[in-house]
Amino acid sequence: MWRRVALLSSSISSSFLAQTASRLNTWESLTTGIAQQAKGVIAPKEKTPFITFVLGGPGSGKGTQCIKIVETFGFAHLSAGDLLRREIASKSADGAMILNTIKEGKIVPSQVTVKLIQKEMELSDNHKFLIDGFPRTEENRVSFEQIIGVEPNVVLFFDCPEEEMVKRVLNRNEGRVDDNLETIKKRLTVFQALSLPVINYYSEKGKLYTIKAIGTEDEIFEQVRPIFAAFEQTVG
């Protein structure tokens, strides 16, 4: 999708019109919709993307909650971690670099991750996206906004005690390359140092919703549900 840019209603205020038009023009330049326009293809209207960032340390339960959000509200779930692991499995040049970076408990370069997310968004027929595990740093955040050309509408932060996160990760037995005690500790250190500034940034912008990630999956989801229910009529 995102190959076509909708005409905006004349009833929209001039300031909102300028801001939205700028973002949509940036998005259009990133897609193959330009080629279609060159061929004279007239595209129907499309909805502006509704983007939710989902943040939390390893084992905070954000992935499980994303599944419930997808099932309940019809979002497309883009897990930054899954995209990176898929790239590793592809045996590409980037995959080898990503694997070594993850093993060291470090963060993959922003442009690499944003490129993978961008590709998935362009291929999707959905306009509502849950971007899980990203942005993890201020550099991630800035790169996403510069490359994709939009900011998130909502940012969820799953707040969970460190000892609980470690226990969950060690017990999930999913065979991930980064699911071992040494790497988990490195990831938690990195999260505290680099991700908290991102969380604080979105808190100041009024876009952050903090979820207390302790309890059953259903108990935690009861904190999440009202957030998206409030947007459901306007987002579609």
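For all residues, glycine too, the Cβ spot is worked out from N, Cα and C.
Predicted automatically and left uncurated, TrEMBL annotations should be read as such.
Here is what TrEMBL says about this protein:
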BINDING   Gly59, Ser60, Gly61, Lys62, Gly63, Thr64, Arg172, Gly215  ATP binding site
BINDING   Arg85, Lys106, Ile107, Val108, Gly133, Phe134, Pro135, Arg136, Arg176, Arg187  ribonucleoside 5'-phosphate binding site
BINDING   Asn140  CMP binding site
SIGNAL    1-22  signal peptide
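Known features from TrEMBL, placed on the structure.
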residue	record	Cβ within 10 Å
Gly59	ATP binding site	25
Ser60	ATP binding site	27
Gly61	ATP binding site	21
Lys62	ATP binding site	24
Gly63	ATP binding site	20
Thr64	ATP binding site	14
Ile107	ribonucleoside 5'-phosphate binding site	19
Gly133	ribonucleoside 5'-phosphate binding site	24
Pro135	ribonucleoside 5'-phosphate binding site	28
Gly215	ATP binding site	12
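In this structure, Arg172 is the one among the binding-site residues Arg85, Arg172 with the smallest number of other Cβ atoms inside 10 Å of its Cβ.
Every protein chain shown contributes to the tally, and the Cβ of Asn140 (CMP binding site) ends up with 23 other Cβ atoms within 10 Å. A distance of 17 Å separates the Cα atom of Gly59 (ATP binding site) from that of Arg85 (ribonucleoside 5'-phosphate binding site). Taking the Cα of Lys62 (ATP binding site) as the reference point, the closest of the binding-site residues Arg85, Ile107, Gly133, Pro135, Asn140 is Gly133. When the Cα atoms are compared, Asn140 (CMP binding site) and Gly61 (ATP binding site) turn out to be 21 Å apart. In this structure the C-alpha atoms belonging to Gly215 (ATP binding site) and Gly133 (ribonucleoside 5'-phosphate binding site) are separated by 21 Å. Each residue contributes its Cα atom, and for Ser60 (ATP binding site) and Gly133 (ribonucleoside 5'-phosphate binding site) those atoms are 11 Å apart.
A Cα-Cα distance of 9 Å separates Gly133 (ribonucleoside 5'-phosphate binding site) from Gly63 (ATP binding site). Counting in whole angstrom, Ile107 (ribonucleoside 5'-phosphate binding site) lies 19 from Gly63 (ATP binding site) by their C-alpha atoms. In this record, ATP is bound by Gly59, Ser60, Gly61, Lys62, Gly63, Thr64, Arg172, Gly215; the longest C-alpha to C-alpha distance in that set is 17 Å.
The distance from the Cα of Arg172 (ATP binding site) to the Cα of Pro135 (ribonucleoside 5'-phosphate binding site) comes to 24 Å.
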